[in-house]
Amino acid sequence: MKKALIVLPTFNEAGTIEKLIEDILAQNQKLPNWDIEVLINDSFSTDDTAKIVKVLQKKFSKKIYLLETKKEGLGKAYHQAFTYAIDKIKPFVIFQMDADFSHNPNDIPLFLEKIEKGADFVIGSRYIKGGSIPKNWGWYRKILSIFGNLTIRFGFMKLKIHDWTSGFRAIKSWIVKDTLAFVKNYSGYVFQIALLDHAIKKNAKINNVPINFIDRKYGKSKIIFTQYIFQILLYIFNNSSFVKFVIVGLIGFAIDFGISYFMIEKIHQAVWLTTLLSSETAIASNFIMNNFWSFSHKKIEGDAINFIFSFFKFNFVSSGSVAIQTIGMQILVVVFGRKLWYLYKILIIAFIIIPYSYILYNKFIWKSK
């Protein structure tokens, strides 16, 4: 029988914690192949949360664990609970779940069904068919939640994942163990993004379960919106391979554009020859910067021969972008004239070369390890 551990960070959740734990443990009756247990990490609540949990520990022998730690935010609370779970409890699956009934315990079997079918990381998604956010949320909170997730999806170019900030998840323990060192220094809801991002980079199989998020009935939401947005943007900037790829592309563009300007405007060389030379120089720059920065988590390693071989392979794949630029530039110059050559180059690079290159580089050069 496999063990699934539900982790509940709490602070002043006396109004919900008893019924929530009872409803979670009731799932054992539906899941004969699973042993459901609960770990509460209470941040020294000023109400009776911890006291209620201790009473329940006597009622449900060996099913409930309680940690009491100082209040340092959601990310720290999860990290402490995960560390304890891996070291002491050793479950097969660890759940993240809110302690205020925002998440329905009756959805737990749906998550475990996905795990049994091979998923490593199951997200309770509010933004797929069958999922929802509360109708009584104000427009500001709805916009923040929806567009916050859209920003993350496009920032990482992982469009199949619709809910990066969901707090209802089932994660295999090997992922949690592997991720602990990486997520240690992240706080708040960015912890959720970092955990999922790292799992993806470790090639975890991701799946989704639609959930209907319920607004808390007791207490107040602890989200600080300005901090939430700032930390999301900062994390994306520092960790997104796509954002780094775009920055590298801009540097490559500056190199490409600078050489083109000099050769076309100053020494009056042919457009096709100039494009060929400037593009190849930019490609060499892009290869080095992408390998050691954009895709550093799966960078090309080994001896010099392997690196050189990869560079030639990169050139071969990139020859498509050179051909697109060369042919596209020549056609546009013939049709519309030479005067606006720089505009043609900008449009071709922005709308064709960047997406083309990012997709092919991920598939053929920096493949997932």
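Just so it is clear, glycine is given a Cβ too, placed from its N, Cα and C backbone atoms.
Summarising the annotation, TrEMBL assigns domain 'Glycosyltransferase 2-like' to 6-169.
Under the heading transmembrane segment, TrEMBL lists 242-264 (among others).
The domain 'GtrA/DPMS transmembrane' feature in TrEMBL is assigned to 244-366.
The transmembrane segment annotation in TrEMBL covers 314-336 (among others).
Residues 157, 242, 245-246, 249, 253, 256-257, 260-261, 275, 286, 290, 295, 314, 317-318, 320-321, 324-325, 328-329, 332-333, 336 of the same chain lie 6+ residues outside the transmembrane segment (342-361) yet bring a C-beta within less than 8 angstroms of a C-beta in it. The feature transmembrane segment is assigned by TrEMBL to 342-361 (among others).
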Inset, instruction - Could you tell me what the rest of the chain brings near the transmembrane segment (314-336), counting residues at least six beyond its ends with Cβ under 8 Å? - result: 271-272, 275-276, 279-280, 283, 286-287, 344-345, 348-349, 352-353, 356-357, 360-361, 364-365
Inset, instruction - Would you report the average pLDDT that the model assigns to the domain 'Glycosyltransferase 2-like' (6-169)? - result: 94
Legend entry - Same-chain residues near the transmembrane segment (242-264), Cβ under 8 Å, at least 6 residues beyond its ends: 155-157, 236, 271, 273-275, 277-279, 281-283, 285-286, 289-290, 293-295, 341-342, 345, 349, 353-354, 357-358, 361
